[in-house]
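J.: Below is one structure. I have some questions about it.
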Amino acid sequence: MPDSLPNADKAAARSGSKPVRQRRTAFGRFFSRIFPSLRFEGSLEGQFRRWYSENVRSRIRSVIWIPVAALLIAMLAGGPFSDLRAALVAPRDQSLFDLMRFGVLLPSCIALLIATYTHLYTRWFTPVAQVVLPVHALCFVVMDAFMHRQGYSLNAMMPLLTLAPYFVFGMVQAQAVRTVALVVVMYALGGYLGGLDSGQRTFDLVILLFAAALGAAVHYSLQKSVRHSYLSTQIMSESLNRDALTGIHNRRMFDEHAARMWQQAARANAPIALLMIDIDHFKAFNDYGGHQAGDACLVKVAGVLNRASRRPLDLTARYGGEEFAILLYDTRRDRVEELCRELHASLANLAIAHPAFTDNQLVTFSIGAACVEPQPERRVEGLIQLADEALYTAKERGRNRTVVMDREYETLRTGTFRVQRRSRETAAA
Ligand SMILES: Nc1nc2c(ncn2[C@@H]2O[C@H](COP(=O)(O)OP(=O)(O)OP(=O)(O)O)[C@@H](O)[C@H]2O)c(=O)[nH]1
């Protein structure tokens, strides 16, 4: 898919529908040239947002504690410390003021704070904060107008509230800009309804818009660098788990995934299957066709095998050299046998000629499959050993075939197969 396509067109191309032409104004085109969209393609954007919001969770929590603590102190000061309150904030009619502070600001801050400690945070925090912050803006401007009439000013709170969506609440650029726009609209509306002096209102709005624009520019460049480092970390960890030649998962990923799947299956009483696949006579392929042709053959075989692991928990990996492994979760013997037949047929369809044979013989592979129900007292090494033994048997029986083992697992003793294999090799020699 060409990189020059806009995101919407790429998504449309993937889904097979007609591309949606985005109509942009000249200003929109000019703006997007200066600030290109930071959004990632497809599911990566969702992954990034989840990662980012988890990353800023504790920071958000610590910051919300500040207004919660301040408002709780102010509330206490209204009871046993009323003289102190009179000395600090002295509006004569407290009822509206207290309604805003203790009826709206304090409960909503506490709700947000609690959310940061629970599982609700992931799904609900940002949408709720996008509503709560403009409501706070409305409260502040009403309090502002009230304080003005009393001869006090609260203006400093508004620029802080305008910057909070960018730098405190862990929102991505579009969410923060939408929230800040609402904060400014609420301020203008609240200031008008609250009867704030029009000169003061205009001055405050200019300050707010300035803070909003400055915040957006700084947030944009911060987001750019955060996204950049996220992407490099993602690419690095992906390449750590991928085989450089074939692009499928590598041995390292296989080992990690096998151990995790084993534990999961033991907990869920689910059967799992491991297929070990080894290309037949591959040394001869290299010797006659050359290493480059051998590499190309490995890539094609990996492509065939990779199609076998479509479900989320299944995995195809290059186990080493010309050997591959497929792990299948919750899969029984009959399905394994069917899948192995399909794999042999798919490879035959590719019709890769074997250069070592003159009679048009094609490249084939042998499959050793192990089907077991993991038990806590057993280890995943037993599964690998059983599949390995099945593969060895398939080779021994003439190659280009599948051998499935399952009951042997009951009597499996780690290490014994290798001993048996060696003694068989000695007897054959
Ligand atoms: N081209 C290429 N060859 C590789 C690669 N990794 C391993 N090999 C070759 O794979 C061959 C494996 O040969 P053997 O283990 O003797 O097995 P075989 O010839 O396939 O014999 P059987 O498995 O018994 O059918 C060796 O010649 C390795 O050099 C690779 O990345 N590229």
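Heads up, the Cβ atoms here are built off N, Cα and C, so glycines get one too.
If you look up TrEMBL, you'll see 270-407 marked as domain 'GGDEF'. Summarising the annotation, TrEMBL assigns region 'Disordered' to 1-20. Taken from TrEMBL, the feature transmembrane segment applies to 60-79, 99-117, 124-146, 176-193, 205-222.
Let's see these features in context: how buried, what's close, how far.
T.: Here the transmembrane segment (99-117) has Cβ contacts under 8 Å with residues 57-58, 60-61, 64-65, 67-68, 71-72, 74-75, 124-125, 128-129, 132, 135-136, 139, 142-143 of the same chain, all six or more residues outside its ends.
Away from its own ends, the transmembrane segment (124-146) comes close to residues 53, 60, 91, 96-97, 100-101, 104-105, 108, 111-112, 115-116, 153-155, 157-158, 161, 164-165, 169-171, 175, 178-179, 182-187, 189-191, 193-196, 204 of its chain (Cβ-Cβ under 8 Å, at least six residues beyond either end).
With a threshold of 8 Å between CB atoms, the same-chain residues lying at least 6 positions outside the transmembrane segment (176-193) that come near it are 129-130, 133-142, 144-145, 158, 161-162, 165-166, 169, 200-201, 204-205, 208-209, 212, 215-216, 219.
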J.: What are the DSSP helix/strand/coil residue counts across the domain 'GGDEF' (270-407)?
T.: 60 helix, 35 strand, 43 coil
J.: Averaged over the whole of the domain 'GGDEF' (270-407), what is the pLDDT?
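T.: Across the residues of the domain 'GGDEF' (270-407) the model's pLDDT averages 94 on the 0 to 100 scale.
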